[in-house]
Amino acid sequence: MATDAPTPEGITETRPAEPTTEAFIATQESAEFGELRHAYRSFAFPLTIAFVLWYLLYVLLSNYAGGFMGTKVYSNINVAFVFGLAQFVTTFLIAWLYSRHAAAKLDPKAEAIKSRMEADA
Amino acid sequence: MSAAYQSHPALQLAASSTTEHRPLIITLFAVFVAATLGITVWAGRQTKSASDFYAGGRQFTAFQNGLAVSGDYMSAASFLGIAGAIALFGYDGFLYSIGFLVAWLVALLLVAEPLRNSGRYTMGDVLAYRMRQRPVRTASGVSTIIVSIFYLLAQMAGAGVLVSLLLGITSDAGKILIVALVGVLMIVYVTIGGMKGTTWVQMVKAVLLIAGALLMTFLVLLKFNFNISDLLGTAASKSGHGAAFLEPGLKYGATGTSKLDFLSLGIALVLGTAGLPHILIRFYTVPTAKAARKSVNWAIGIIGAFYLMTIALGFGAAALIGPDEIKAKNPAGNAAAPQLAEYLGGVGSTGGAVLLAVISAVAFATILAVVAGLTLASSSSFAHDIYANVIRKGKATEKEEMRAARWATVLIGAVAIALGAFARDMNVAGLVALAFAVAASANLPTILYSLFWKRFTTQGALWSIYGGLASSVFLVLFSPVVSGNPKTSMFKGVDFAWFPLENPGLISIPLGFLLGWIGSLLSKEEPDRGKYAELEVKSLTGVGAH
């Protein structure tokens, strides 16, 4: 490794040969890796911002729009309760969406780069 | 609306029936302890290498780890704390359930897979990857231990509540004895069983907790003919607050400051999970990043189902027991779930005593499993980050490193026992939320910057970790959590609180992010380009992961 601070390894484990730093830089700059990075970031980052905003909306409405949140929807079930349950639903939904995206778009690309780098090392 | 509340004469008998059935309760506790010790000894025999001790040999399946993650995550805060918070404050307590769950998306989308791909044993492996090793590993070790101690404090408070409720022990000496017993057990679990033993204990606990919660939810709903609106309505009228009980604002809506506290809590909950060291190291126990992703999905399903049941448990306790009886047992509501169990089984009857004993044993199992996970995380970080990589500069042998981990376990156990005596009357969910705030302030910024920001430097990491850590702990120290509140503060007779919020997240989390950014921009050293290439390629592809 060409860098001055190699990761300290107090412990030995059986492991595949480690590619060189140059190989990592070359991969990082490759178009193939760029596509993987783009496929990951363009999905995960906006989705993260979206669910954080959606959650903050819930927290802020709870804080500053008590009247609206207290509106009865059905018998004793009010908007706040429905909003809370909606957070559960969207959490399950986003977990499912991300996993589907990862399996279809990320895993094959990642696997290809990994096997090529480990074969070269 | 207000005076509709009536006391249950039957509950007066509770104490005597508990005493009568004490042998049963002690037997159930003993069975669980014996079973988990058996698992621990069995796991200990198979723990030979450091990878076994720290990461359970990395051979757990995604489902097994999903269960163990759930067992590690659903602490006394989730069971005793949330049920109590909902029972006393209605809808405001429900924020915990939502925040604790939504937080998993941060872990799923941004942290779990890259961490599994690029680290080996501790959170510090990833934080220090691109940085100068010694200072960043030290910072990461310090932060891991402090976050874990905050979390431990809450679990110990929960243990104290259970014991006084069940065994009628109210003297300080008795409570300290029980806290000490929990401490000794956790030391045994971790030193002997390592990650393998801890993982199996967490899986068993997760199954017990879900089964217990399902049973209670079913019994609560049965009382209301499965009409949730009816349950909510009864809870509202029994609470003495009417419809306001079902709306946000009962605990946090009074003033502008308390509203900020709600916001602060909300932010800490959603950003804390992905920075909790004892959760992060669980991702090292599976063979691949894909398995780490699947275990998070399992965990989201299991934890989500559990938090949905907290609605029935919390509002059920409010409707069936009522706030006065709950506060009489514990001012913060921590005893609501066991009280509800006794009620559902029939107060004063054998059924009530059995259900109380079973649910309390489940809560006890919950506490032990989480405490073991926390202790493992902090002793691993001490041994791997501080001892092996800083003190011995990477020259320690595997044996020496594991010996250091075991000694660290004993030390951290002792600290937890000593601190456990103080935090009895605070809601345990509130206490855990402090650990979330510290984790989100000190750990999450550095994790995210390390993984995703090219220009992040050692100075940025240190400013962010120490700045987030110091500001969050400092603000807690001068908050109503520690002093100033005659009912729930740790130190009741004194008042040196000047920070009005109970949760520091609103200030300390943005500060942690800001310091990491400024620290990097003002840094004289150039970011290590080669190391960033290694970390980024590894984190996304798993090259060289093992």
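Glycine residues also receive a Cβ, built from the backbone N, Cα and C atoms like all the rest.
Summarising the annotation, TrEMBL assigns transmembrane segment to B:24-44, B:65-88, B:94-112, B:139-167, B:173-192, B:262-284, B:296-321, B:353-383, B:404-423, B:429-451, B:463-483, B:503-522 (among others).
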Whether the transmembrane segment (B:173-192) meets the transmembrane segment (B:24-44): three or more C-beta pairs under 8 angstroms: yes
Feature contact check the transmembrane segment (B:65-88) with the transmembrane segment (B:353-383), CB under 8 Å, 3 or more pairs: yes
Intrachain neighbours beyond the transmembrane segment (B:139-167), with Cβ under 8 angstroms and 6 or more residues off its ends: 18, 22, 25-26, 75-77, 80-81, 122-124, 127-128, 174-175, 178-179, 182-183, 275-278, 329-330, 334-335, 338-339, 356-357, 360, 363-364, 367, 370-371, 374-375, 377-378, 381-382, 385-386, 390, 412, 415-417, 419-420, 422-424, 426, 428-429, 431-432, 434-435, 438-439, 442-443, 446, 461-462, 465-466, 469, 473
Ranked first among B:24-44, B:262-284, B:296-321, B:404-423 for CB pairs under 8 angstroms with the transmembrane segment (B:94-112): B:262-284
Two-stretch contact, the transmembrane segment (B:429-451) and the transmembrane segment (B:24-44), at least three Cβ pairs under 8 Å: no
Selected stretch (most C-beta pairs under 8 A with the transmembrane segment (B:463-483)) from B:65-88, B:296-321, B:404-423, B:503-522: B:503-522
Tertiary contacts of the transmembrane segment (B:296-321), as residues 6+ beyond its ends and Cβ separation under 8 Å: 8, 11, 62-63, 65-67, 69-70, 73-74, 78, 82-88, 90, 93-94, 97-98, 100-101, 104, 107-108, 112, 206, 209-210, 213-214, 216-217, 220-221, 223-224, 228, 231-232, 234-235, 238-239, 245, 336-337, 339-340, 343-344
